[in-house]
Amino acid sequence: MITRQFGSEVRWMLRRPRTLIGLFGLVLVPIIISFGIWTAGEDGGGGGPGLGAIIQGNGMVVPIFTLFLSLNLLLPLVASIWAADGLAGEAQHGTLRGLLVAPVSRVRLLFVKLFGLTAMSLFAVTLMAVVGIIAGTAFLGMNGMMTLSGTTLSTGEGLLRIAFFIVLVTFQMVSIGAVALAVSSTTEHPLVVQAATMTTIIVFQVLGQFPSLDWLHPFLITTGFPGLVDVMRDPMPLNQIWDSTLLAGCYLLIGTGLAAMRLITKDS
Amino acid sequence: MNKRKVTLAVATAGVLTGAAGLSLLAMPAGAGQPPSLPDIAPEALVEQVMTVKPGAFGGTVEVDNKLGLPAIAEIPQLADGKHSGRIWTDGTGKLRLALPNGQSEQTIVDDGKTTWSWNSQTNEVTKSEHKADPKPENKDQDKNSAEQKAIDPATAAKEIVTMTKEFSEISVDGTARVANRAAYELVLTPKPTEKTLIREVRIAVDSELKMPLRVAVLTNGTAEPAGTVGFTQINVGPQDPKLFEFTPPANAKVTTPEAKEAESREKLPEAGLEAALHGKDPQIFGTGWDSVIGARIPAEAMTQVPAEAQGLVDRFTKKVSGSWGSGNLFTTKVATILIADDGRVVAGAVPEQVLFDTIGQVK
């Protein structure tokens, strides 16, 4: 029963033209990055901070690099679009009413929406990573995966790291999406949801820049993003990754809880 | 109706748990209850610290620095603030250090024969083979051990104890829990006759291994340590031998320390100063806590300082003059450095007056 609802939710999401256009846009990111680094050539690579310095001739870093960059704006945007469509969009079309009066628990409705969000996030992130591996290998070549620590992992280990990173990034995305779902349950205008979510993410990132606000930083979900780069260190330190994931988990709980409270008390 | 109330309560509980979790994550990790350990005589503890041979271990070290030092390009991990690094050693001299710097990383591997230093920012590996000659003349080796001293609490503590043991009152002040291990707090207080900026040095010594786990330096007039180096996590025991091997990545540039040094001397004015202080004939004046290290920068190096470096020097130093001449004084919480205009340099963990008195003796 519930699996049928999950399936139909994902089918619905995939049938929306903007979902497909969005996925297509996401897939372009790793291709453009690989192409850009390839054209920059040997002189352009090798230098600078972070992952950009080790990407030259190291195609397997492209998926990690792409997802790491996209996590700051692009992926939260996509998550907010799906969350906005899920409840506010349905309310706008008048279809939410039907779902609310149906003899199905509203909590179940929320979980179906959350599942759709998770499935689509995982799909989008995996798609980006796979295209990233292909584009990175094609443009930049591949010889195992060189880490930030200067060691070279075998292709198998590299793929494991990428898979782990996909899970981590998806979790961050779903947590942001859960908060967006909470906003989505309060309005009939999908744009409000997207605007609110993106504004929050951007404001969080701006606040994160001020050292004088360091007491606030541990509360911001965006604080956890940079730590995820530890996936590319060898041996992989888990403290920061674990902290970021716990932080996102708190947001997931708050978002889901608020959305449930709103849906339960909502008049049909 | 009732079921709805229950779900509402569950949802509210979820929100509250999330909020509580956030505040819990934001809270700094508590020190926890100090463990109760059998009493130990301070002298015995010092003896054990001096004689213990640290075995194999791997751990994470956090450096909390409030010295007020300007960021030094070569060792960004020592700039003000909290920095962490990871260290592994097999107990027989093989070593691996991983020093993250933002999203980049510096890795130093000593496999017993060769020291490899990798910097992800420049995609460069510096390779220096150990000389067969046991005399530590190899400069790079010196530099690496300086880095190890800065990051490894055990090495740092040993150094401090060796240098100041005779000039300090030594006591054991309770216990502490460091990196989830029970430790004694060994406190070295400079004797009243010592003219130093340092009030006390606290060394947390592991109760079982007798290995120092944390070193905190407290200066006069502040309750918070000016600098702390300590393990936040440690696992004692044999480490993966693979950690002590290093193969330079396929497309990285491999250089030797000599080439690197020549390059950095051109780039960095501090390198000249550092070279002068580590130079052939650093002179040591005095003993114990208030010993002062002196040197003379060659005249040509003084005139070669580029304008922008001069600006940097001016920003962090204070112009001073006296019967000894004139120069720039650089003050941090734990150390003072005096650079005279004629190239004499003196430095020490002492107030400026001691430096003024000493600089005349620099040859």
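Cβ from N, Cα, C; glycine included.
A quick note: this is a predicted structure, and the numbers were derived from the prediction, not measured.
Taken from TrEMBL as is:
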- A:20-40: transmembrane segment (TRANSMEM)
- A:60-84: transmembrane segment (TRANSMEM)
- A:114-142: transmembrane segment (TRANSMEM)
- A:162-184: transmembrane segment (TRANSMEM)
- A:191-210: transmembrane segment (TRANSMEM)
- A:241-264: transmembrane segment (TRANSMEM)
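The stretches the transmembrane segment (A:241-264) and the transmembrane segment (A:20-40) are not in mutual contact, being linked by fewer than three Cβ pairs under 8 Å (pairs 6 or more apart in sequence). Long-range contacts of the transmembrane segment (A:20-40) within its own chain (CB-CB distance under 8 A, at least 6 residues past either end) are made by residues 14, 55-56, 59, 62-63, 65-66, 69-70, 74, 78, 81, 123-124, 127-129, 131-132, 135-136, 138-140.
Residues 72-73, 76-77, 79-81, 83-84, 88, 176, 179-180, 183-184, 216-217, 220-223 of the same chain lie 6 or more positions beyond the ends of the transmembrane segment (A:191-210) yet place their CB under 8 Å from a CB of it.
Outside the transmembrane segment (A:60-84), and at least 6 residues removed from its termini, the chain residues within Cβ reach (under 8 Å) are 13, 18-19, 22, 26, 29-30, 33-34, 51-52, 54, 113, 116-117, 120-121, 124-125, 128-130, 132-133, 135-137, 140, 142, 144-146, 155, 158-159, 161-162, 165-166, 169, 172-174, 176-178, 180-181, 183-184, 190-194, 197-198, 201-202, 205, 222, 225, 228-229, 231-232.
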